[in-house]
Amino acid sequence: MNTRKTLRVNEQGHLEIGGADAVALAKSFGTPLYVMDEQYIRDMCSVYRDAIREEYDGNGLVLYASKAFSCLAIYKIADSEHIGVDAVSAGELYTAFKAGFPAEKIYLHGNNKLPYELEFALDHKVGTIVVDAYSELDMIDQMCAERGMVQNILLRINPGVEAHTHRFIQTAKTDSKFGFSVADGTAEKITQYALTKKHVHLAGYHCHIGSQIFEKQSFLLAVDKMMAFIAEIGKKYSFETEVLNLGGGYGIWYTDEDAKFSCADYADYLKAIIRELKAKSQEYGVRSPFLVVEPGRSIVGEAGVTLYTVGAIKEIPGIKKYVAVDGGMFDNPRYALYQAKYTAILANRAAEKPTEVVSVAGKCCESGDLVCADVSLPKAESGDILAVLSTGAYNYSMASNYNRNFIPPVVLVKDGKAEYIVKPQTFEDLVRNDVIPDRLK
């Protein structure tokens, strides 16, 4: 088990999350249940914020990549930790605004922003829009002209760095749908085009090389390529880059195949990137830009644990044993999408050593509905509470009502106390938007 201080086994042999007994949480709130550890989230916000302050004299901004986990409470926490957020849809923007998050500290992303999303962002004075298409740039310029305003933008650049991660979450490989390529000259062309626009202010550039990355070399290479590009553009067009957004993508622990980063490790990771940025600024003779980073998974991922109740247990002799739970791909589709790996433990018997390898099956009517495959557990029994670790990112945010199952509620724990931050769904919620045409009545 990953040994961070807010996740431990208590005297009863139960898993404890942020001081709260997981078995008691399951009894009080039911299962499936997402549990988020507030202190861990705050600790990670401060790790990145302090690294920029200590290594870069505070000349930067941390943005929480809210696609990882979005609800009203997380935006409140981000605001109280003095960081910004990045959003990728009007829905995320609306949630942030509803929480009272300051619009000027929001960056809007997306490779195909719809007209209503851009209008919504402009009308609410979103701080920065990261542009990813010529048509988008034209729309923003026209909309701003109609409103008599100038919008701050960055251009999303593809530096051509292929990070060592799952191919579906690589975002800077040559054939990625994201960004303008440095290699084929489109990054320079869109820069030249943006500089002709009267109602946008080109502040700089953004890149994001992928997600779940542990080795620093990919990030250091991205810094080198981006700074070389910035220097070249500066000389050709007398353009000074004010802002460089290096995205996020820092990996987290899911299983013992992954590195176990402490808070200090994440701080050192970002500080190494900053040192490279300063060195390359000096090497290429350009002023060090205002630095923006966008961690998401690494802020909330390990803060989350999902609790399930074990139901049916089925063994295919000599082949496989299934332990079925009351959740599945409707609360965590990542196994179905990526064959994602997780660590699972029996929360009510957390001190017991594993004795067998099983696959944890969900309750959906899909053969591929697994929560995790080939995990080591003590011999599970119906009624046990199963905890799947590191589910804070891309679980709730990717959940659905598939098979008309309920999306589980979310509780936030701190100092042993738990409160809803997303309430349970009801049967009425499942049919709230359904309509029966008169001809069918």
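Just so you know, glycine gets a Cβ as well, placed from its N, Cα and C.
TrEMBL annotations: computationally assigned, not manually curated.
The active site, proton donor annotation in TrEMBL covers Cys365. Annotation source TrEMBL lists pyridoxal 5'-phosphate binding site at Gly249, Glu294, Pro295, Gly296, Arg297, Tyr394. Residues or ranges marked as substrate binding site by TrEMBL: Arg297, Arg334, Tyr338, Glu366, Tyr394. Here TrEMBL flags 37-392 as domain 'Orn/DAP/Arg decarboxylase 2 C-terminal'. Look at TrEMBL and you will find 53-300 tagged as domain 'Orn/DAP/Arg decarboxylase 2 N-terminal'. Summarising the annotation, TrEMBL assigns N6-(pyridoxal phosphate)lysine to Lys67.
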Sort the recorded positions Tyr338, Cys365, Tyr394 by C-alpha distance from Lys67 (N6-(pyridoxal phosphate)lysine) and give me just the closest.
-> Tyr394
Report, in whole Å, the straight Cα-to-Cα distance of Gly296 (pyridoxal 5'-phosphate binding site) from Arg334 (substrate binding site).
-> 16
Nonlocal residues around Gly296 (pyridoxal 5'-phosphate binding site), in sequence order (Cβ under 8 Å, 6 or more apart) = Tyr64, Ala65, Ser66, Lys67, Ala68, Phe69, Asp86, Gly248, Ala393
Distant-in-sequence Cβ neighbours of Pro295 (pyridoxal 5'-phosphate binding site), under 8 Å, six or more positions away | Met44, Tyr48, Val62, Tyr64, Ala65, Gly248, Tyr250
Can you tell which of the binding-site residues Glu294, Arg297, Tyr338, Tyr394 lies nearest to Cys365 (active site, proton donor) in space, using Cα positions?
-> Tyr338
Position of peak Cβ density within 10 Å, selected from the binding-site residues Glu294, Glu366 | Glu294
Sequence-distant neighbours of Arg297 (pyridoxal 5'-phosphate binding site) in its chain (C-beta under 8 A, six or more apart) = Ala65, Ala68, Ser211, Gln212, Gly248, Gly249, Tyr250, Gly251, Ile252, Ala393, Tyr394
